[in-house]
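Taken from TrEMBL, the feature active site, cysteine sulfenic acid (-SOH) intermediate applies to CYS46. As annotated by TrEMBL, domain 'Thioredoxin' applies to 4-168. TrEMBL lists 244-268 with the feature region 'Disordered'.
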Amino acid sequence: MPGLLLGDEAPNFEADTTQGRIRFHDFLGDSWGILFSHPRDFTPVCTTELGRAAKLAPEFSKRNVKMIALSIDSVPDHLAWSKDINAYNGDQPVEKLPFPIIADKDRELAVKLGMLDPDERDKDGMPLTARVVFIFGPDKKLKLSILYPATTGRNFDEILRVVDSLQLTAYKKVATPVDWKCGDSVMVVPTLPDEEAKKLFPKGVFTKDLPSGKKYLRYTPQPDDTHTSLLLSPSPEIGNIKYSMSQTEKHQEARPINTDGHGRERSA
């Protein structure tokens, strides 16, 4: 079980990293943050993951997200490993990555944060760190956690996608449906009355007719703001994520919501 629950404040730990000693809250500042752990240096899956994270670092930076990795080896090992990671990416084999790597060779932080994988052990029988992803908001509170076993590599395109969703829904009264991508239509939250929704979303709100007669599937084009306009700019580093505006749920027959109060949503 992860040691942090959604809504918990990030511990303000101190640690040695490849970019010097940090205090975690100072490192985050007013930014969003991603802390992602790795089982060990000089291992194949971890190398591919950090390589992908390095490639996507400009995209995370565009979203005001600071990245920091953790692995259960020393700073000198991390620096030497960074050369391999850069070489894997086809770049110059230098010691520097776009983000720091925490040295947790005694596993103290991994234990504190609940990051150990009980089923994967090193040659000495010690448990390895699982592939944990923690995403923190500017308030230093945990907004999302994903836990992978040591044997399964993460999808960093998906992590980027959920950052987009977290940031959009933190500031707008919307939710993102299944398989949503930045630029797709979003859903109006159930607690928002129809009249208020009409005012908040001038591009229109559309509802899907259902056998139950309940009008809880309400869609609207993704709200425009500086943040989302920036994200809709194409980037060659993004693989499976396509940033293009879509029609409102093309596969569904959508109709404008009633505005006479009879179709008002109930709280979920």
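Just so you know, the numbers here start at 1 and follow the chain as drawn.
Each residue, glycine too, has its Cβ placed from N, Cα and C.
No curator has checked TrEMBL annotations; they are predicted automatically.
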Within the domain 'Thioredoxin' (4-168), what mean pLDDT does the predicted structure show? 93
Cβ neighbours of CYS46 (active site, cysteine sulfenic acid (-SOH) intermediate) where a neighbour is any other Cβ within 10 Å: 22
